[in-house]
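Per TrEMBL, the features are:
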- 42-61: transmembrane segment (TRANSMEM)
- 73-99: transmembrane segment (TRANSMEM)
- 106-126: transmembrane segment (TRANSMEM)
- 152-173: transmembrane segment (TRANSMEM)
- 375-572: domain 'FtsK' (DOMAIN)
- Gly392, Ala393, Thr394, Gly395, Ala396, Gly397, Lys398, Thr399: ATP binding site (BINDING)
- 722-771: region 'Disordered' (REGION)
- 739-751: compositional bias 'Basic and acidic residues' (COMPBIAS)
- 760-771: compositional bias 'Basic and acidic residues' (COMPBIAS)
Amino acid sequence: MEKVLVLGYNGVMQRRNGKHKKGAFLPSLPFHFSLPEKGVRILWGVFFFALAVIFVFAFFEKAGTAGNFLFSVFLWLLGKTVFLFPFLFLIAAFAVYVMKELRVSLVSLSLVLFVSGLSGILGTFAKANGMPVQEFAGFFGFALAFPLSQAFGFWVSMFIFLAVFLGSLFLYWQILPHEKEVLIPGQASLDKVKKVFEPKFQVSPIEKALPAPAVPDSQPSQKEAISLPKTKHGELPFLGEYKLPPTNLLEDETGSPNAGDIELYSSVIKKTFGNFDIPVEVSEVNIGPTVTQYAIRPAEGVKLSRITGLSNDLALALAAHPIRIEAPIPGRALVGIEVPNRVRSQVRLRALLEADQYKTSPASLLLSLGKDVSGSPWFADLSRMPHLLVAGATGAGKTIALNSIILSLLYRNSPANVRLILVDPKRVEFPVFNDIPHLLTPVILDTQRTLNALKWLVREMERRFQVLSSVRARDIRSYQALVQASLQKKQSSEMEQLPYIVLVVDELADLMAARGKELEALIVRLAQMSRAVGIHLVLATQRPSVEVITGLIKANITTRIALQVASQIDSRTILDAAGAEKLLGQGDLLFVSSDVTKPKRIQGAYISDKEVKKVVAWIAKETQDFVREEIAEDELAQSAIAGLEVEAIDGGDEDPLYEEAKRIVIEYQKASSSLLQRRMRIGYARAARLLDILENKGVVGPGEGAKPREVYITKEGTDVAEELGTPGLDDQASLETESQAKLEQKPEPQPKEAGSQPEKPTEEESRWFTP
């Protein structure tokens, strides 16, 4: 129990316990103040130190009238023992400051026994040798030595006084906190408690994870259970000639967090629980960029509900708000008390991108989330999630979190590996990304185009399932492995490369308010089925209500990020648990996924608008030769109106490159979008559209999954036409008649069965999917 000093109007210092004892008389005082135990220790230490200084000056008669008189009194009373007083008072000052529990009475008793034993020894020795006893031992030594020597003789008296002297030394030895603590169940060792006062968080250009003190009986942490496999540095798929942007475009971390007086906070936490009869021991302290986690170990038999119910009492005792209690810490027999730091430190995206976990991971869709309460970087693989829901109040850091996610993808993937569809109803956040070649279409700003995009994604998902089924691939990873194996065997592959597609929506609430039912149905269907074909959703909202985050959306998107929200109801809407209402804002978030079942507190990475613009400008400059086909407004609208049922394309005059494409296909006797892309330096959408025109004109056959298309016009016929010059109407008619005859000889298509070849993407769909 904490002891405090209360000073009343009468100037009398009274000591009382932390709990009010029944019948104790404490008059009503007009003013009072109380000191914590540490302040009392300092006062007693200063008192004993002052006495030591006074006696030192008194030895040389420099202590003034009062000091010299005091020295003369003690010299007459104790004799030669008075010359040890400065040393004794310094020892007493040290003892009251370092002893585990402040008990000045034990220190005083130790001093009295030391002086009594030493005075008795000097008095007995002086009497036995005929010396003046009062000169050596003083009046007090004479009073002790004379009767004892008369009763027991010299040797027994010396033994008694020596025992008293050694007893004082033993008592003093016991009150010092040097002995090894005996461990009992529910308590941590003293050495571990001392470790919590050592700083563990340092900011460096590449900050490494800080190891927590080992606990012998603890289970492996959840973070270790989901650690990513390591590969060689720089081993990223499908980069090709694409250069990843350098990290020096981003700003580095500066400064370090200030957790305050950790020793004082640990003591306050322990005593606050003690006031409610809950014995706990502080096992370790983890200093993070935003909060400091005090890991406590409660005694056996303590209900966790009693601990979690004291969050407001802890906030009052620590003068810090809000306090979040994590009971228990996943995988450990500890309870975490998260106290806000006095000074927070920013987590910059650059420090995460330069971390070893990010560099060595083979995951293409690795997202940089931030740093946890111990300062360790945290990452998550979007392909394993496979969709992400981000929600939080206005100003909590939602848009910055989305920018951090997008840049994490851009720093790992070329446009051939990841394509983005960005939806920004607010019209001010995502347009900066319009210049990057990773976009399938310019940033979408309205509800109707968002609905069209989702419809196209559903159609593209079904088409991809047919492509995977035709080659008997289970998911996009196994399909990409087949593509890589095919490329290694020969220079080019007829198999279509399927990049990941990530849809990022900045504000879902506005879209749900306009076309809620349609959007919900499309989002749910994509969330249920699109993982295997590499289509992923990242949805964000600043209004986490059940009208926006419906039950079907929550059931199919299990990975969620909750930033600071206004109420516990909003927190339960996002996470199905409370806690987000106690976050501190500015990127402070809770992360939950299938791997992290309990919310994990993370300080999100900060990225400024200036840094985003610098990265986008660098990518645009380095990829300015990269051709990107965009979807025109009218084509996208027609695709939605027709329900993505595109009519047959007629007439080669619709595209001025038709004749060149026809010549290349006949010359190489091979028809594929990759061939047209390489030879004509065009994008995938236009190449696929030219193939559709060639198919309708009878130049090439229909697509049959991974098999190459058949070319109906031979190379010899083309050579003859070239020798005669430009073919006339009769020559052209004969060529088309020959190709039409070949078409008529082909058997009629049979109804498709399971495992049949996929349909070729329609014209409007092809215009979406561009490299």
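Note: Cβ is positioned from N, Cα and C throughout, glycine not excepted.
Overlay of TrEMBL feature records on the structure.
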residue : record           : CB count, 10 Å
Gly392  : ATP binding site : 29
Ala393  : ATP binding site : 20
Thr394  : ATP binding site : 9
Gly395  : ATP binding site : 12
Ala396  : ATP binding site : 26
Gly397  : ATP binding site : 24
Lys398  : ATP binding site : 25
Thr399  : ATP binding site : 21
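DSSP gives Lys398 (ATP binding site) a helix state. Highlighted in sequence order, Gln542, Leu563, Gln564, Gly585 have their Cβ within 8 Å of the centre of the Cβ atoms of Gly392, Ala393, Thr394, Gly395, Ala396, Gly397, Lys398, Thr399, the residues recorded for ATP, and are not part of that set. In the predicted model, the domain 'FtsK' (375-572) has a mean pLDDT of 89.
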